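**Student:** Shown below is the structure under consideration.
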Amino acid sequence: MARNDLRGLYAITPDCADGERLLADVGAALAGGCRIVQYRDKISPKPEQVRRASALRALTRQYGARLLINDDLALTTLVDADGVHLGQDDGNLLAARAILGPERILGASCYADLSLAHAAQAAGADYVAFGAVYPSPTKPHAARAEPGLFAEARQELGVATCAIGGITLDNAPPLIAAGADLLAVITDLFSAPDIAARAAAYQRLFEKA
């Protein structure tokens, strides 16, 4: 997949006990222009995850957006999502690519390690994620990835790069300037009083770059 095909705001769903609210919030982000959503759910039982992922799949299709599933290859194929994001402990990337086929998106967490990104690219990843780029309430103990890492990755890799961790509208521009293709955002997006407006503001950052 071409790097230019993966660019912009990358919305990651927060843990949410209310499934209807989750769908409404994701719908608002999509209405604001977000075209990549990752379903991440660390609290719901598996049957509820299937229901939510299926509903999100239908919702993203309405907007011509892509749905990725966090850390669950089986759920990805079950709901016919557009791809999966895997951490280093979530399964073999080569095996995942074989199951996904060539069309679905495969993303990989590489923390602050460019060598992991090279290995992920060789295994068939479409994008690599570096972070936390800033202190993150979601992963407070994550290794820190400096903005310069994105400049190095842009020179050395042929796949898209994703920045994650503590990103806000105010601190996002240096990451885009350094070469980040995607900005993965949870809190600053879904805690905004107007989610659609916040999503649109993130998309405008890429238009200015």
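Glycine residues also receive a Cβ, built from the backbone N, Cα and C atoms like all the rest.
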**Student:** Given that TrEMBL lists Q38, Y39, R40, D41, K42, S109, K139 as binding 4-amino-2-methyl-5-(diphosphooxymethyl)pyrimidine, which residue among N70, N171 does it place in the same site?
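**Tutor:** Record source TrEMBL; matching candidate: N70.
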**Student:** Of all the binding-site residues given, R40, K42, N70, K139, which has the fewest Cβ neighbours within 10 Å once its own Cβ is left out?
**Tutor:** K42
**Student:** According to DSSP, does S109 (4-amino-2-methyl-5-(diphosphooxymethyl)pyrimidine binding site) fall in a helix, a strand, or coil?
**Tutor:** strand
**Student:** Please classify the secondary structure at Q38 (4-amino-2-methyl-5-(diphosphooxymethyl)pyrimidine binding site) using three-state DSSP.
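**Tutor:** SS state of Q38 (4-amino-2-methyl-5-(diphosphooxymethyl)pyrimidine binding site) = strand.
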